[in-house]
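Asks: First the structure, which I've put down as structure tokens, then a few questions once you've had a look.
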Amino acid sequence: MGSGRVPGLCLLLLLVHARAAQHGKAAQDVDECVEGTDNCHIDAICQNTPRSYKCICKSGYTGDGKHCKDVDECEREDNAGCVHDCVNIPGNYRCTCYDGFHLAHDGHNCLDVDECAEGNGGCQQSCVNMMGSYECHCRDGFFLSDNQHTCIQRPEEGMNCMNKNHGCAHICRETPKGGIACECRPGFELTKNQRDCKLTCNYGNGGCQHTCDDTEQGPRCGCHVKFVLHTDGKTCIETCAVNNGGCDSKCHDAATGVHCSCPVGFMLQPDRKTCKDIDECRLNNGGCDHICRNTVGSFECSCKKGYKLLINERSCQDIDECSFDRTCDHMCVNTPGSFQCLCHRGYLLYGVTHCGDVDECSINKGGCRFGCINTPGSYQCTCPAGQGRLHWNGKDCTEPVKCQSSLGASKAMLSCNRSGKKDTCALTCPSRARFLPESENGFTVSCGTPSPKAAPARVIHSGNSTVSSSCHEAAVLPVKQRASFKIKDAKCRLHLRNKGKAEEASRILGPGSVPCSDCLVTFIHLKCDSSRKGKGRRARTPPGKEVTRLTLELEAEVRAEETTAGCGLPCLRQRMERRLKGSLKMLRKSINQDRFLLRLAGLDYELAHKPGLGAGDRAELVEVCRPGQHRAGTKCVSCPQGTYYHGQTEQCVPCPAGTFQEREGQLSCDLCPGSDAHGPLGATNVTTCAGQCPPGHHSGDGFKPCQPCPRGTYQPEAGRTLCFPCGGGLTTKHEGAVSFQDCDTKVQCSPGHYYNTSIHRCIRCAVGSYQPDFRQNFCTRCPGNTSTDFDGSTSVAQCKNRQCGGELGEFTGYIESPNYPGNYPAGVECVWNINPPPKRKILIVVPEIFLPSEDECGDVLVMRKNSSPSSITTYETCQTYERPIAFTARSRKLWINFKTSEANSARGFQIPYVTYDEDYEQLVEDIVRDGRLYASENHQEILKDKKLIKAFFEVLAHPQNYFKYTEKHKEMLPKSFIKLLRSKVSSFLRPYK
């Protein structure tokens, strides 16, 4: 992976291969070497080539392959490296040694044979070994016989030669005249005194180990070119000055020759010359946690995917992918060696890390009886006009009730009373209070049910009376009032009122004390917000002071049946408005006097506390958790789902049987529909309420007693009031069917299809939808803005985002294939343009890239100067490379194009880049072109680590910060990586040091 020339060559080879595949079938190549139709020499090798062959002479021969001649290595000046004789053989040579020598292990040197070591050399008495030969010696009183091995005892008197004083060095011969004549053994010459014998080169190579030359003074020894003569003048020893003494590595001259040694990581072999690499991984895995890879003279630890090597270069630590930017769209869970992305409720995972909204309405219409509206992360069922309101299960529609009395429902209550100059007010919510803490300094409380946004009732005037056209039409819109109060220097928090104050409030707000007792308040919405204001010069509030603002919305019912001849609906509405306004005036005074209570779930809460309280009261408010929270250690934690905050015990209590709570931090639980006080404790939603009809059943309200779904219908959910028909006249094999799969269809549809009940055929899922199951009557729409490449998709994994990814900044950025790290879609084209600031150039790092090789380069990534095919190309590839590479752009600007075919797909890429000062171009080029940057697996992992690549970019983009960088990040990078960069950066920044 690298420059544009290599991928270009690959494309050319693929093109040639494709054309050969089209036109070359008829002209099939013949292997002449196999058939024996070649005319190569017997000492040549036949090598087949397309449409021909070639002949190559074997090693040790020379020629054109059709005529080969043996090379006589013994004719070389160094005698082929042989120290004695060289014997040429066909295609090779061998070294031989003179008598008295044997061939060394290297096959070239000759070493002395110690003849005395075996059978005493055949000597009768003593044997003396010499270089290239040996001699037999006799003890005193004996002399050596003519056979030079046995010893003869000398007589005291007798023949001359038997006399011990005959004077011959070797052999004594008696002459006819009674004298003696001395002779020498073979290989010796008689000296001028006719008694002594002089050694020549013909005996034992003159005592020389290598070469011998006869001189008047005797043999003169010499050595082969790779050796030097020892101080004894006979032995040849190796020297470090010549060919490093034959050592593989380090050589030391010693009295006995050379002494070879090996560096750390190598072991000296038995020949005392060769160094062999030590495989450290064989012993205890080299101390590596995961993977040990032996290298020449050393070893390298590496980690499994999902782990990183620590600075001790032995231990592996899990990579916390969740700490990276852009790892997951929603939630990220780190796991050993990997991670998992999770999506919020109502969203579905696609492309490994992305979350898209689920269109629940495409899944069997969301289970809704009538209409379904998809919303981000959820959906909502709707009921058409005349079909009643939405059922508690959120999917069915209840039958409209024509005449419903407003007296039966629990109402909210605004109670105010005056005692002297003090006004005391309380907002009471008997049930279904919704408490929502919006922030640390704010909350909202709602009570009752807001009026629907409906048109006013049609009223028919008949004489002096007013009559509605029907009971349903007689509903009159309620009177609405909205007020806003501001309290300075107050905290916007609810605090449980102490017992004494609560009893006092009960006396003040006793029976009959409600000035608006005939005001049927149906809905209350209170919003409280505290904030610091007054930071500006013109602000009225002093800087740093807190301001609490209360916003109250009230709805009061107006009864049409209370109209009289003297007061119609407009009159009733005006009366109600005056009463509400009067109550709000008293409410304002009670708030300013800190005499306002909020009654929720039978407990009284003070809404806001002004700073005029006593020290004891203020101390009581310190570190107090707000309602809906309990203390867990030193923190305030909201009560979880399925519980409510019990103000008296200040604890979270599970919802009683027959109730549920879907929200956190609530002050009460909601009653289950049709509750008979049965069911589990701590129910978290309405579906867990007891007594619901199970799947395959229905009832009028969704609760028992239930009826099984009749044949030809089904119901997959609990608590429903109806069953869905199979459609198309289809029936089911039994009652109580729970799925369309129970419908007796005429054909069985496989995944990627849905059953059309109108034509009773299986239809392929359209592009942008999928179906993973058999025998279904719908296809699920792909999440978010994703789509599929083709129709008939069977999995959400085939849903892909077609948008080109990346962020293009002036100094740093990245490009990303669509749907990364999931497989990219087919038939897309992406174009990115990188335009760096003036006097800056572009550095690209490709950590890894995945493109299908079997696609015949249908998916291509190319980086050029511009869109013109003839412009300067920086990088081009159509293959997968998991080995990272860094390179500089060959042009100041880059036009990047990624195009995919309709065939195979792969993960694609995420490629970061950085722009650097052109003054450092030489340094940056020196770094990224050094092969050592990629030789080590640990260095490669640096280029893949999203955190380290940022740090690496700092060095490459701003080399002057290198030394500060190494101190700051020395624990992040392996020593070998820092060592690699140190010399380059130092020599560039300090060229004269």
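Even glycines carry a Cβ here, placed using N, Cα and C.
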Asks: For the feature N-linked glycosylation site in Swiss-Prot, which residue out of N464, N866 does the record point to?
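Replies: Per Swiss-Prot, the residue annotated as N-linked glycosylation site is N464.
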Asks: Which one, C168, C197, C201, is listed by Swiss-Prot as the other cysteine in the disulfide with C184?
Replies: C197
Asks: Check Swiss-Prot and name the cysteine among C372, C381, C397 that pairs with C383 in a disulfide.
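Replies: Between C383 and one of C372, C381, C397, Swiss-Prot records a disulfide, namely with C397.
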Asks: Which of these, C236, C240, shares a disulfide with C251 in Swiss-Prot?
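Replies: Record-based pairing for C251: C240.
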Asks: Taking C212 as one end of a disulfide recorded in Swiss-Prot, give the other end from among C201, C236.
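Replies: Between C212 and one of C201, C236, Swiss-Prot records a disulfide, namely with C201.
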Asks: Let me make sure I read this right: Swiss-Prot says C57 forms a disulphide bond with another cysteine. Which one, out of C46, C68?
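Replies: Disulfide partner per Swiss-Prot record: C68.
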Asks: What whole-number Å value do you get for the CA-CA distance of C236 (disulfide bond) and C260 (disulfide bond)?
Replies: 17
Asks: Which sequence positions outside the domain 'EGF-like 1' (29-69), separated from its termini by at least 6 residues, show Cβ-Cβ distances below 8 Å to it?
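Replies: For the domain 'EGF-like 1' (29-69), the far contacts come to 90-92.
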Asks: Recorded positions C57, C260, N417, N756: which have a Cα within 10 Å of C251 (disulfide bond)?
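Replies: So far as Cα distances go, the recorded positions lying within 10 Å of C251 (disulfide bond) are C260.
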Asks: Just to verify a number: CA distance, C247 (disulfide bond) to C240 (disulfide bond), in angstrom, no decimals.
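Replies: Pair distance, Cα basis, whole Å: 8 Å.
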Asks: For the disulfide-bonded residues listed here (C236, C251), tell me which residue's CB has the most neighbouring CB atoms inside 10 Å.
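Replies: It comes out as C236.
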Asks: Mean pLDDT across the domain 'EGF-like 5' (199-237), rounded to an integer, is what?
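Replies: Result for the domain 'EGF-like 5' (199-237): average pLDDT 91.
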Asks: Other Cβ atoms within 10 Å is the metric here; tell me which of the glycosylation sites N417, N785 scores highest.
Replies: N417
Asks: Disulfide-bonded residues C97, C197, C368: which have a Cα within 10 Å of C397 (disulfide bond)?
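Replies: Of C97, C197, C368, within range: C368.
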Asks: Helix, strand, coil residue numbers for the domain 'EGF-like 9' (357-398) per DSSP?
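Replies: Counting residues by DSSP class gives 7 helix, 13 strand, 22 coil.
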Asks: Measuring Cα to Cα, how far is C368 (disulfide bond) from C46 (disulfide bond) in Å?
Replies: 80
Asks: Which numbers of helix, strand and coil residues does DSSP report for the domain 'EGF-like 1' (29-69)?
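Replies: Taking the domain 'EGF-like 1' (29-69) as a whole: 4 helix, 17 strand, 20 coil.
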